[in-house]
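What follows is a set of notes on a single structure, which appears directly below.
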Amino acid sequence: MSTLNLSGRLPARDELPALLADMARTLMVPLIGLLVFLFAWHIAARNIDTSLGQFPGPVQVYEQSVNLVAEHNRERAKEAAFIERQEKRNAEKLAKDPTAEVRIRDYTGKPTFFDQIGTSLVTVMSGFVLASLLAIPVGILIGLNATLHAALNPLVQLFKPVSPLAWLPLVTMVVSALYVSDDPLFAKSFLTSLFTVTLCCLWPTLINTAVGVSGISQDLKNVSQVLRLSFLTHVVKIAIPAALPAMFTGLRLSLGIAWMVLIAAEMLAQNPGLGKFVWDEFQNGSSESLGRIMVAVLVIGLIGFLLDRAMLVLQKSISWDKNAVLR
């Protein structure tokens with residue numbers, strides 16, 4: 001933190017205690033909380049013995065994170081060597097016969113922990129975007145039409161609390177029945193996880209959008225009537241801008257739910273993401289498995305936090321309501 005205040009001058013001597021107290025509150029308090037957590041975790045781990053050995057503490061988890069980075073680097077080196085051998089072989093083949101047909105094969109090595117993080121991020125964002133594309137228009141219509149709200153509200157309340165574990169078997173069967181292809185563009189496990197995420201995370205956005213639109217002030221409605229705005233113009237110029245704060249609240253909630261749902265969906269659908277990594281390590285049952293699972297748990301939490309911060313920053317940059325606080 002800079003010692004310069006917003007006016008660009010150095011703080012006065014009588015301002016230093018308040019400045020130091022603010023720095024301590026901003027930096028030291030979270031650091032102390034983290035150290036207390038790590039100490040408590042270390043003590044608890046030493047007193048927990050499982051069938052796979054002692055529960056991993058911070059040191060063991062750090063060691064496994066280093067191992068996962070090393071595994072990723074080795075796999076990337078193997079991939080680079082495979083591509084180099086393939087290019088050399090094809091070059092030699094073309095040198096002998098310029099008309100020869102060369103074959104380009106994809107590297108099919110085992111996905112690393114970081115590859116699985118990427119898969120999970122692609123899946124969760126795909127499901128979240130699809131849910132948003134469905135929930136926002138429906139929420140706007142429900143918010144503008146009381147009759148439509150009365151008709152759809154019971155269905156929303158009925159399906160909103162359904163667990164992803166209940167949706168997953170149904171989604172799996174539907175995808176298997178309808179998505180039949182000899183050369184599929186997407187893996188069935190990816191689509192199953194995506195649609196499960198969509199079904200579980202669309203409700204907060206839908207509900208908050210409807211609430212935001214229905215809460216438009218009467219003055220804005222009167223302006224729309226006086227100007228004789230068309231329905232589409234009313235939605236674009238009046239409804240959506242007025243409902244943006246509530247809409248973003250729903251989007252933040254939906255994104256958090258999407259990330260939580262995804263991990264469970266990937267475990268059962270075997271989509272090669274973080275959920276599958278956790279499940280495979282649990283099934284592996286080695287002495288290192290618990291430490292690797294804890295690495296995944298911490299990464300899942302960190303990514304969830306970063307996704308929420310990113311959505312909050314987006315809200316502050318787009319929404320007219322600047323009261324959202326980065327907390």
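A Cβ is built for glycine as well, from the same backbone N, Cα and C atoms used for every other residue.
Where the annotation comes from TrEMBL, it is an automatic prediction and has not been curated.
Features as listed in TrEMBL:
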{"type": "TRANSMEM", "residues": "27-45", "note": "transmembrane segment"}
{"type": "DOMAIN", "residues": "117-311", "note": "domain 'ABC transmembrane type-1'"}
{"type": "TRANSMEM", "residues": "120-142", "note": "transmembrane segment"}
{"type": "TRANSMEM", "residues": "162-180", "note": "transmembrane segment"}
{"type": "TRANSMEM", "residues": "185-206", "note": "transmembrane segment"}
{"type": "TRANSMEM", "residues": "226-244", "note": "transmembrane segment"}
{"type": "TRANSMEM", "residues": "251-269", "note": "transmembrane segment"}
{"type": "TRANSMEM", "residues": "289-307", "note": "transmembrane segment"}
State the residues, same chain only, that lie 6 or more residues beyond the ends of the transmembrane segment (251-269) and have a CB under 8 A from a CB inside it; answer 'none' if no residue qualifies. 120, 123-124, 127-128, 131-132, 135, 164-165, 168, 172, 189, 192-193, 196-197, 200-205, 208, 275-276, 278-279, 300, 303-304, 307-308, 311-312, 315
When counting Cβ pairs under 8 Å to the transmembrane segment (120-142), the leader among 27-45, 162-180, 289-307: 289-307
